[in-house]
Amino acid sequence: MEVVLEVPEHEHPLKLFDLQLQYPHYEEEEEEEKEEKDPIMKEGFEGVTCQRCREEIHMYHRYYYTCSSSCDDFSLHKFCGELPSWLVHPSHPPHTLHLEPYSDLYLERICKICMRHHKPGEYHYNCHECRFSIDVKCALEVGKNIIYHPSHPHLLICAIPKPILCHCNACGEEHKGIFYQCSTTCGGFTIHTECAFLPQKLLIQQRTHGSFYHTHPLTISYSFPLKDQQAKHFPRCRVCGGDFYGKDDLWIYKCDKCLYYVHVDCVRVPPPTAGFGKTAKNYVDHPGLLHLPFPDETYSLPKHYLIFQQSGTRNHKVDDHLIHMSHQHPLILVNHTHSNEQTSSSSNSLLLIKCHDPMKKTRLLCNGCLKPIMSTMPFYICDHHSCNDFALHEWCTRLPSELQNHPGHPHHTLHLIYSNIPGCFFDVFLCNVCSLPCNGFAYGCVGCEYYVDVTCGLIPKQITHEAHPNHLLSIDKSVALFFCQICLESDQRREWSFRCNICYIFMHPECALLLAKTIRHKCDKHPMHLSYHPIENHKSEYFCEICEEDLNPHMSFYHCQDCAQSVHTACAQSILQNETHTYIEYRRATHYFVNIKFGGIHKTHSHPHPLSFSQGIVLDGECSNCHRRLQYKMIFKCLKCKKHVTNEFAEIVHYVEIDIEEDQEIAEATNIMGTPCVQFFKHKEMIGYQIFSLPSFLF
């Protein structure tokens, strides 16, 4: 039934409108519509001014009167339109107050309660005997204190129209101000006026001066249930970096299409130090400061240290042949920029074909730093077939022989070790900084059994990183459990991190140093770029193109915008075959064996055929000796016998093999019998042994 009202100050009848029926609460568009065009601001009720109280008619007031004819500029709150023609007000109990407009003859058009001045024609309540006058806002405040809010099923009333200190159920914070509370049995439900009248949709840059930019309007949501958070990979607030866990009933602003979520309080008042947005620069740039990530895979920390940072190295003389302490044969220089007299152009070109090229699935790693050797960079290689493609970057032949004041071992000098690391089988050691296995060069203190790979040996004390822009990050030995900003993982065994001393932000050293900004991969013809957040306008669920597992877009990953393809950062380095991915097993942002050079043929007197050092895949099955799964392990395999022997480097179990006939003194001293026997030592003391009735293969 249509409700019509006539008021003396307007010539046409007024019609009652229900705003929540006329403008229903925003609902997400169907997925098909989303794909056709970007979401835009829906046309909605933008608010008009009440002609009696001169205040805005808000969506949550729900009902209002407006002219039924063509007078679009005349509207009234429902409670203002239905004001009684007379009343007895507590502020003037002796006499009756009458509703009437201010006349031009009034010398003072001032409300005796709020002392506001009014224009002629504006309505007020007036005492004809005392000339006592109050405006309609002060005369009937109760109507303004009631709102119909979509966040709650009952009416909300402002019972105390003065500022109080109270908890807000919308943002979860404690405020001092005016609050609305449930008018029925929900006594604990209160929302602050600033939260109550937040717009249903907004562009975040309008509130944060562009600091936390997002293309699409954000829509308010009055809860974020745990099951929804789980389905969205437990996102974090894109302004403050905080989570939403345990805050299911608090309001948020969101763009579900782009997985962009923000706390309501962060939209109202952005925090001064925010984890994910633009932050004020807190450092002075200088040539020695390392800005990460590196542009692409041709960059590395040793290259940065020896080419760009060390003075005087640009004019370093490069020899065509090199005798290096790390290898028994002379090394030949391969350089795409020239061909020398002793190495023909055809030979040089042939060696360049062996270089690292993800698009051709060829892999060549430096035996020193274990980073790729590309055809565009000078390197040395041994041309003996028995040396398993031994190669070194030109700059890795000039690594410093010792390091002083290393952050992880400042009291002793670390010496460069090329091979035969004490106590390490097949020269595989676990780096004391990044906790990754490595079989390249090491910097170590033999007396303390402290070893780090070349990258962690040259680790800078301070860096900057795009994942946390404008703030300086310092290397730090963390005493508490922390979550890495890049991989979102935490591991109590990994103590070292780059830390922002202003924000509670951490990064694992390997996540900061080993992930390039751009990579090339065989699975995509375009360069893939490192992303730290979900991609805007992404039209499908996220999954890794390599391991085909679910991908969390809130942690760093590589993405091709043209093909809408994504891969885990750890899987991106599996260029030889997709089966060599390690993310599922180790849950790290870097490939677990990124510092291991596989390949080559190795001979041993314990097995009649040569063995190949490789990473176990699912097709390798079980170990021929211990019958454990070989996938995700470093193994030796005999391609002729189709047998595999595991090698538990991940747990740093070191193996020493002796011949009991040739080494009788050692056999007697350790009580080794003729039956195949393995003894276990810890800190040079035997803690147990196991006798096998199996063939003697290499461990």
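Placed from the backbone N, Cα and C atoms, the Cβ positions cover glycine too.
Some features that TrEMBL has for this protein:
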- 236-305: domain 'Zinc finger PHD-type' (DOMAIN)
- 365-435: domain 'Zinc finger PHD-type' (DOMAIN)
- 483-548: domain 'Zinc finger PHD-type' (DOMAIN)
Which residue counts does DSSP give the domain 'Zinc finger PHD-type' (365-435) for helix, strand and coil?
10 helix, 18 strand, 43 coil
Suppose you look only at the domain 'Zinc finger PHD-type' (483-548); what would the mean pLDDT be?
84
If you run through the domain 'Zinc finger PHD-type' (236-305) with DSSP, how many residues end up as helix, strand and coil?
10 helix, 13 strand, 47 coil
Go ahead and report the DSSP secondary structure tallies for the domain 'Zinc finger PHD-type' (483-548): helix first, then strand, then coil.
6 helix, 23 strand, 37 coil
